[in-house]
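Here is what TrEMBL says about this protein:
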type: BINDING; residues: N108, H113, E118; note: oxalate binding site
type: BINDING; residues: H111, H113, E118, H160; note: Mn(2+) binding site
type: DISULFID; residues: C30-C48; note: disulfide bond
type: DOMAIN; residues: 62-214; note: domain 'Cupin type-1'
type: SIGNAL; residues: 1-20; note: signal peptide
Amino acid sequence: MKAAYLVVSLLAFASVHVLAYDPSPLQDFCVALNDSVTKGVFVNGKFCKDPMAVKAEDFYLPGFDKVGNTSENPTGFVVKSADVTTLPGLNTLGISLVRIDYAPKGQNPPHTHPRGTEILVVVEGTLLVGFVASNQNQNRLFTKVLNKGDVFVFPIGLIHFQQNVGYGNAVAFAALSSQNAGVIPIAKSVFGSDPPISPAVLQKAFQVDQKIIDLLEKPFQD
């Protein structure tokens, strides 16, 4: 009986640590404080504001009903974020939210979130979405066409994308299991890093000549 209880306890302990990616908070809230004098010391990524100075506005962010300007992005999408940077009250709470607007044929190109799982719901239009598994699962592609009201999950750290395949604009909202999930756009990171990755490395990795590398790097050069 004791052995069974121990196994259950260990499984419960492990599941908590697996599900909670961001460190668990040790207080009700820790509103982020951007203090240039004290920067360099962090609590879950940000300094905490004095709880007695916290206001409702620290937990409030308007504007998620506004249509984003997709014309500013060559791939035809724009993201509005409610993360610890734009909504200080999220600090230590392990969650964030984004609104994504897509122009017709617009795309949120392949990218990863190194610190968060993403769950997305379509509220307007039709999206082709997908993610690629790791080599543990033979780099399989999981893809689905989503319509209004459909939900899809992108596991933490895996390459994923969304493409507007409808006839008009599309809108989606997504929640992420981190106050600051981060984003690594694959093409920009590989072909537009600063400083650039050695051309010899890219030629070897992609098995192409330098002319192709130059073409791929060109869109990301200043």
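From the backbone N, Cα and C atoms, a Cβ is placed for every residue, glycine too.
Because TrEMBL annotations are produced automatically, they should be read as predictions rather than curated entries.
For H113 (oxalate binding site), the same-chain residues that are 6 or more apart in sequence and have a Cβ closer than 8 Å to its Cβ are F154, I156, G157, L176, S178, A181, G182, V183, I184. Taking the recorded positions C30, H111, E118, H160 in turn, the residue surrounded by the fewest other Cβ atoms inside 10 Å of its Cβ turns out to be H111. Here the domain 'Cupin type-1' (62-214) has a mean pLDDT of 95 out of 100. Within 10 Å of the Cα of C30 (disulfide bond), not one of the binding-site residues from the list N108, H111, E118, H160 places its own Cα. Spatially, by CA atoms, the binding-site residues N108, H111, E118 include one closest to C48 (disulfide bond), and that is E118.
Ranking the recorded positions C48, N108 by C-beta neighbours within 10 Å puts N108 at the top.
The two recorded residues N108 (oxalate binding site) and H160 (Mn(2+) binding site) have their Cα atoms spaced 9 Å from each other.
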